Ligand code: NDP
């Protein structure tokens, strides 16, 4: 009989805090959680996942650049994963993987429940159209934002995401080079991996912000520094990194697998204490 295992798959994955978060949730609730980080390049992902299942793998989180591949291999999907076209949580059921996405719920919970912000009625700009952007877009619409503009370096992916959302009046794509002509946004979400690997500045026109803008980077740690520096320079009112979302999406996955929801506050506080990036909010 294999021991029940959990893991996060990604490429690269060495930076992942997920093993620490899930282990801390387990300690809190008296559950012995075996949770590892497994590096899998896209071409090796399916095989690595099957090997993991054979070794007792019962649940897997999936991060960049594998979320769309996880969607494609899921035998069953939740409604929110189907709308997102991306999967970050896989659960083994009767020898098959069931796919869900907890990214969007994690982001909205962090912004509303932890930081007390109201997203309703905001005009929003989503930068990026990869797995994370796909995961958060439907949840932002469900949270009551007025409009969602999706912009991506590769415009076809932004078009595909906007189309998949199926709300042409509220959600549409625009060219990145055109950002300066799109007016002001009260919510700007950076869902790109542009600053990973130590790439310098984040240069966006200040004209897209107002003094009421909430700017959120899904990245955390050093990868969040360029966008957060830009947002502060643009005088955005609230500026957050993705650490809170990371903890909340993990709690959502944990609840799916273990049937009980951990208290995220102590785990968030511990990680925040070690994080290099400060968040600011009036
Ligand atoms: P993907 O690889 O699926 O997508 C990457 C995205 O970044 C694409 O839109 C890509 O554009 C864009 N991009 C990459 N390089 C550049 C660049 N130099 N300039 C502009 N755009 C660029 O990754 P994910 O969507 O899964 O993840 C995106 C980021 O969000 C990651 O850094 C990840 O760590 C973070 N994240 C954080 C979470 C949290 O809980 N806090 C949860 C999920 C993700 P293109 O299509 O043109 O290649």
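Placed from the backbone N, Cα and C atoms, the Cβ positions cover glycine too.
Remember, TrEMBL labels are computer predictions, not curated facts.
The candidate list 63, 154, 192 contains one residue that TrEMBL assigns to the shikimate site with 16, 17, 18, 88, 103, 220, 249, namely 63.
The two recorded residues, residue 152 (NADP(+) binding site) and residue 16 (shikimate binding site), have Cα atoms 24 Å apart. Here residue 249 (shikimate binding site) comes close to 88, 102, 103, 105, 106, 107: these same-chain residues lie at least six apart in sequence, with C-beta atoms under 8 angstroms from its C-beta. In this structure the alpha carbons, written CA, of residue 220 (shikimate binding site) and residue 131 (NADP(+) binding site) are 16 Å apart.
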